[in-house]
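Structure first, commentary second.
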Amino acid sequence: MQIRLTVLGHGDAEGGTDVQVTAPDGTPLDAVLGTLATTVAPGASVPAVVFCEDRRLDPRRTALGSPPLVDGAVLAFHRPLDAAPVPAQVPATVLVVAGPDAGGVHLLRGGEARVGRSAEADVPLDDPDVSRTHCAIALHPDGSVTVTDLGSTNGTLLDGAPVRHGPVPVRSGALLRIGESVLRVVARRAAPPPVPPRPPAQVPAQRGGGRRGLAEWARERLGGAAPEAAEPVRPAPGGAVRRGEAAEARWPDLAAVLLMALDRGPRLWERGAAHPDAFTVRLGAAQQAPDVLPPVTVSLTDAGSLGLVGPRERLAGVARAVVAQLAASHPPGALELVALAPGRADAWSWLGWLPHVRPERGQDCSLLLGFDARQVAARLRELTRRLGVPGDGRRTVVLVDGDPGGADTRAALDRLAAEGPAAGIHLLVLAEAPSATASSPLAETLAAASAAVPALRDCGTVGVLTGPVATALRLVGAGGVPGPTAGADAVSPAWAERFARALAPVREDAATPPPPSASALPESCRLLDALELARVTPGALRERWARRSGLPLVLGTAAEGPLALDLAEAPGPVAVEGAPGSGRTELLSALAASLATGAGPGDLSLLLVEGAGEGLRPCAELPHVTSYVGATDPVRMRAFTQALRDELKRRAAVAAEGGPGGGVGALPWLAVLVDDFDALTSPPLGAPGRPAAGSVVRALDAVVQDGHTLRVRLIVAGALPGAAIRLALTGGPVGRAELRRPSAPAVPFQAGRVTARIPRTSTLRPTVTRLDWARAGDPPARRPVRELGNGPTDVALLASAAARAARGERAATPATLV
Ligand SMILES: Nc1ncnc2c1ncn2[C@@H]1O[C@H](COP(=O)(O)OP(=O)(O)OP(=O)(O)O)[C@@H](O)[C@H]1O
């Protein structure tokens, strides 16, 4: 199990230190507390008290990975932190629903809240058109709310009417416009509308129910927009203005987006791939009516890719808002996020907390981020591999911020911009340019931006920030077709960090579990540990053989622990596939060793066949092995294949004779394991195995055809058409693989290692490492697994223990083979 925490040590700066903890499930905080303290501050002692938010923890009783110690949690040594705000517990709330510093959720507990550009304001707004102290919103003892303009330069509008003299009463739901920002005041007097039943997204249960009030409150705000009430989406590649209150609720504003993440209620991740509003984002609001905010939206499905052009700070704020909306509305099962932002780790590291950037397609990185040229090239390789291949329904949105570097990389990006949408890959391309104004007209701004960032030309919609302070967004469709203008919604970096951290521990509901993250797998897996035979003794083996059922085959470790299947129940042959050097021979050896621990030699015979080389030789010492032959010896190979065919005939005869239930059940199992299958069945001209190839193919074909009913199983390393179970080595660390079965999702795993000698604890010790977000796009650090050079390997230890255990076992009924 891996979780990421932020630790505030003694006297730490506000940001704290981000760390990653890797430990077996259920490890108590106690086990890593000292390491956490020294990782954050070298030489620090174990803290006397630890808080998670405002809650004091008992380190012996708090398990890593269980609430509150989940991904994204903030631990504070020595002092408590403020808990998350709970709007349900306060009578009124001010939500910043639109504008250049949108998304804020401010609680009114009573008295006056000052709104302004000043950092000291109770509701600070980074909006150039807002005065330092602009207006005051007061909550009175009777629950009523008023607003007073404090002599602002640009004035205050309440539902369109200027607030000249205060205080002016404010109804719940009223819109206050100040500068380019729009605030909605919500007082808690209105009854909540009914909520359509829908299972919420899953997060490990939270004790104490600290956020239940927030959930309730958020439903009041958000619950009205059931997706089934949605009007059909019409293609509007240049963007669309949506009118009416339902439209406002349907494309939530950014305050609502933050509450979706904090609350994890029914609207979080409500849009699966087939949802009518899937992949449609709200870029801002049309400023037409005083008391409504008609959302201006763009559908990525229609646009293909979306470009954003403008000055750096505003541009980044709008892009943060777009990405956050996508992450709040779509589950990771429907949406993958990738960032290509060379040199911009500081700006985009917050994405690292989102579940959507985990590599779940076997990408060799910790997170799908590209913060330097190598990482960008790796991400582009992974993405361009998917071009021309029909998508699996899950879409990918790729944030492109900055020059990807080298000519090859630029060409790959241009290809992705042109061909990506057809493969479910949509770009969000940022291009820095001065705001479009009278002196720098839109067309010129757009032309200059496209020259600097060619991928912009393939974007079906481009939003250009306009106006003297770049707070409006003009949408332009393909071919320069003019689209609507919106007041652009942007969010601050702090908002984005808070939003993403709230989503970090959330998982999709149990009905559609996300594929286990490939990166959650260990770098190496000792087979004997996965078999729970760390100390392999004859007694332990005898005991297993005695209680045997089926033919248990432990493959290695999946994200949740050891991965096993029953070979007796397998519907057909098993193929181990992969590139040379990916670990096929090792996995085949592990399968042989695993089978040998599940049944004694009296109940199971192993036949080992080498197509090339001698990779299986270490397994030949297992007492179960009755034949070990290689293609280099065609005479023995022919004899072997003849004997195998005879054995199949003998078994068929026993099966035919057998009484009710078939006599075959009394026969020992026979497992044929073939390494380098391709070399065996189609050896190159002049290869020593060539003379025997024909007979081998016939014998193995007979096993495929008849073996299944005769207690004979076939496992080959190589491509075997019609294999029922495929163990595909996917690259990355050696031994990284996927279990693939028809009509079942692929299960990533790390293959068991058996021909080396690995100290028992090397993959189980808890570790704490500082998180370096700039390196998160690299292949995961390969913790060098200490393999002991001298002394017996694990398979030799197993073979010796098995040989001793077999002495005294009832005499096997050996297969009559060479
Ligand atoms: N699961 C594993 N963990 C760690 N190291 C491994 C693992 N599997 C294989 N290796 C090591 O990687 C190297 C290649 O493994 P292996 O020979 O099994 O690959 P292969 O796919 O059979 O390739 P080839 O057919 O070219 O021999 C060997 O040195 C082996 O010890």
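Just so you know, glycine gets a Cβ as well, placed from its N, Cα and C.
The feature ATP binding site is assigned by TrEMBL to Gly578, Ala579, Pro580, Gly581, Ser582, Gly583, Arg584, Thr585. The annotation compositional bias 'Pro residues' is assigned in TrEMBL to 191-202. Look at TrEMBL and you will find 113-163 tagged as domain 'FHA'. Sequence annotations record features per position, and here TrEMBL assigns domain 'FtsK' to 560-748. Annotation comment: TrEMBL describes 190-212 as region 'Disordered'.
Taking the features listed in TrEMBL, we show where each one sits on the structure.
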{"residue": "Gly578", "record": "ATP binding site", "Cβ within 10 Å": "21"}
{"residue": "Ala579", "record": "ATP binding site", "Cβ within 10 Å": "10"}
{"residue": "Pro580", "record": "ATP binding site", "Cβ within 10 Å": "6"}
{"residue": "Gly581", "record": "ATP binding site", "Cβ within 10 Å": "10"}
{"residue": "Ser582", "record": "ATP binding site", "Cβ within 10 Å": "22"}
{"residue": "Gly583", "record": "ATP binding site", "Cβ within 10 Å": "24"}
{"residue": "Arg584", "record": "ATP binding site", "Cβ within 10 Å": "26"}
{"residue": "Thr585", "record": "ATP binding site", "Cβ within 10 Å": "21"}
Env. residues of ATP site, Cβ within 8 Å of mean position of Gly578, Ala579, Pro580, Gly581, Ser582, Gly583, Arg584, Thr585 Cβ:
Leu729, Val734
Could you break down the residues of the domain 'FHA' (113-163) into DSSP helix, strand and coil, giving a count for each?
0 helix, 21 strand, 30 coil
Tell me, roughly as an integer, the mean pLDDT over the domain 'FHA' (113-163).
94
Where Gly578 (ATP binding site) sits in the secondary structure, as DSSP reduces it to three classes:
coil
